[in-house]
Structure formats: structure tokens, C-alpha cells
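Undergrad: The following block contains the structure, expressed as C-alpha cells.
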Amino acid sequence: MRIQEIETYTVKIPLKKPFKTALRTVIEAESVYVKVTTDNGISGYGEAPPTHVITGDSLHSIDYAINQVYKPLLIGKSIDQLEEVMQILQQAMIRNTSAKAALDMAVYDCFAQQTGLPLYKLLGGYRDELETDYTVSVNEPSEMADDAQQYIEDGFNLLKIKVGKDEIAKDIERIKAIREKVGDQPTIRLDANQGWSVKEAIYAIRKMEDLNLNIELVEQPVKYHDLKGLKQVTEQTETLIMADEAVFTSIDARRVLEMGAADLINIKLMKAGGIHEALKINRLAEAFGVSCMVGSMIETKLGISAAAHFAASQPNITRFDFDAPLMLKEDLINGGVTYERNHIYFSKDAGLGIHSIHEQSSKREEQ
Ligand SMILES: [Mg+2]
């Protein structure tokens, strides 16, 4: 089964409500879709959103990497030799993890379709359904409490609260307001997106512990490159600390794990460069007794389907942050995973189960 064609499309979809973190505000989701066609008539799909402030990738850099760098190297290559294809993705460019991820998931989609199995079954098939959290954007405390309450009414039991945008006292106010509104029952996890200093993080987390706000975990409290700082926060608080922006690839994961810098790791295909590398990170973490969450960027149901298939396949992945498609006004994907409130289900279709992508997506002009 050889790769015959690689095509890209760009899509733009407005969000229902602006997505706000310590790093950015997003009002419209943008992505590059990729379609890989093989000589035996199989089509595999992938997606890469540009996340300037995290991966550094842009729409144009993703498109260039796929069409100008990888396409000439991959046309004619056999997907049956999956490891050779993965080696090309890995070696032809450093970084550019979003473009790599889009191609990686499309290739895995073809590979699984060839076997007749849904991808998550082929990768290990550990779970048949997932429960996702829902993200509360960082805003004024009262607005965040109202949003949190709404998501609970919509059927979510896990809330991921974005903090770290301004002063610490306000973040504590935010969490107090949310806890007061939603009660003790819902699980609350925080994501500071690198917005705190080491001292602020230790102060804020201890304060929330003293106030019994019952925080399940805190994601990436400090700057992505400050592993010593991350370790300090992990050691000096009781709450679980999760590395997100600090871990892109298995090399980053190894450093964090060897240092004991975090209790948990958030794996995203867009940081890792796809499923192949994400599997490595997860295995490595498992060997260190560290469980993982799988999350995403602002991705449509295409990218999320790939992430969900990977996440469901592995027992060491115990947390799932897959709310992004629920934030979008439109769904351009026919097939893929299915949402029922906070639960995600897989079809019995082979591969990712993507049947087609909606016409809204604009095919890239040949240059
Ligand atoms: Mg995060």
C-alpha cells in the first residue's frame, strides 16, 4: 500500500465563546486538513491547527512542511513499512510538530484501515469510551462561576479552569467563586498555562489547599523551560502537578521524568508530532509510574478523533481533555468519534472512521 497523493485543505470555524487562557484568546478555529490517498484506494485524514504561542507553527509553516518538504519524500513510500514512514517524518525536519502530527495521523488512519480495525483497537484497545472535561476560559470570577455552572448543567463532571492571566489573588477568587457555585462534587483541575512564577505557584496552590478548594491537579504552573521551577512546585505542594508545555517529545519527557519535575504529563499530538511519538512518551512515563492525560489544541473532530483513538488504546492514559470540538459552531467531519454529552464513543469503522470532510474546507491552490 503506497502513498499516491497528499492533499491539504484549510478550514476556519468560529467558536461559540472566545477561548481565553494565560497565553492567548481564540475566536475562530483554524486548521490545515490533510488527506493521504494510497494506491489501493484508501484515504486517511489528519489535522494540524497553528498554535503560534505553543508550538510556534503557523498555517503557512504547516502547509509548507507538508507540501514542500514531506510530500516529495512520502509519495511512493509504502505504509506497510510504517516505521520507515515515521522515520522520514522524524528526520526530514526538526520541530514542526503540528505538520508531523497531521501526516502521522493520516498515515496511521490508512495503516489501520488496511487491517480492518478501528485505530484504537489496533493500538491496544484498552477502553471503549472516554469521559472528557470541559474548559472554563479565564474571565472575571462571576462569569467563570456562571460558565462552570452551565457546563455542569450540560452534563460535565470534570471542569478544567484556566488561570494565570493576572494577579494570584484574583485566581484564588476565581476558584472560590466557582467552588461556591458548583459545590463540592465536580472535579476541578486548573491550567495556569505557564502564567505563574515559581513563588506565586507555590503560594497559590498552598492557599487553595488551605481553603479546601479540592483541586485535582494543576497544569503547567510555570514557564515551559523552567524544569527546576516546576520540580520546586511539585515538591513543595500536595496537589498533583502536570507538565504540559514542558513536554513536547519523548526527549523532554525523559528529562522531566528523570528529574521528578512533575507528577503527571499532558500528551498532545500537536506537541509530540503524532501518535508514534506520543506512544513513546506514554510508555516512558509508565515506566516511571507517571500517568498521562491526553489533551488537544483548538482542534476539530478530525484531530480529536486521532487523539481519542490513541488515548483510549493505553491503560496509562487516565485523563482526557477533548472538549475542543464542542466549542465550535460547526462540525465539518462526517464520521470520527461521537459525543454524547461528556462521553466519547468510537464506531466500529476501520481506522479513524472518517467518511468525508465537509465542503467548507478550501482546497489549497497548487503553487
Ligand atoms: Mg495545558
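Heads up, the Cβ atoms here are built off N, Cα and C, so glycines get one too.
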Undergrad: Kindly point out which candidate in Glu216, Glu219, Glu277 is recorded by TrEMBL as part of the Mg(2+) site with Asp191, Asp244.
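TA: The one candidate that TrEMBL places in that Mg(2+) site: Glu219.
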Undergrad: Per TrEMBL, which one of Thr8, Thr51, Thr135, Thr187 shares the substrate site with Arg24, Lys160, Ser296, Ile298, Asp321, Asp323?
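TA: For substrate, TrEMBL names Arg24, Lys160, Ser296, Ile298, Asp321, Asp323; of Thr8, Thr51, Thr135, Thr187, the listed one is Thr135.
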Undergrad: Near Lys162 (active site, proton acceptor), which of the binding-site residues Thr135, Asp191, Asp321, Asp323 can be found within 10 Å, Cα to Cα?
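TA: If one measures from the Cα of Lys162 (active site, proton acceptor), the binding-site residues that come within 10 Å are Thr135, Asp191.
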Undergrad: Based on Cα coordinates, which of the following recorded positions are within 10 Å of Asp244 (Mg(2+) binding site): Thr135, Lys160, Lys268, Asp323?
TA: Lys268
Undergrad: Starting from Lys268 (active site, proton acceptor), work out which of the binding-site residues listed here (Asp191, Ser296, Ile298) have their Cα within 10 Å, and give them in sequence order.
TA: Ser296
Undergrad: How big is the Cα-to-Cα gap, in Å, between Thr135 (substrate binding site) and Asp191 (Mg(2+) binding site)?
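TA: Checking the Cα atoms of Thr135 (substrate binding site) and Asp191 (Mg(2+) binding site) gives a distance of 9 Å.
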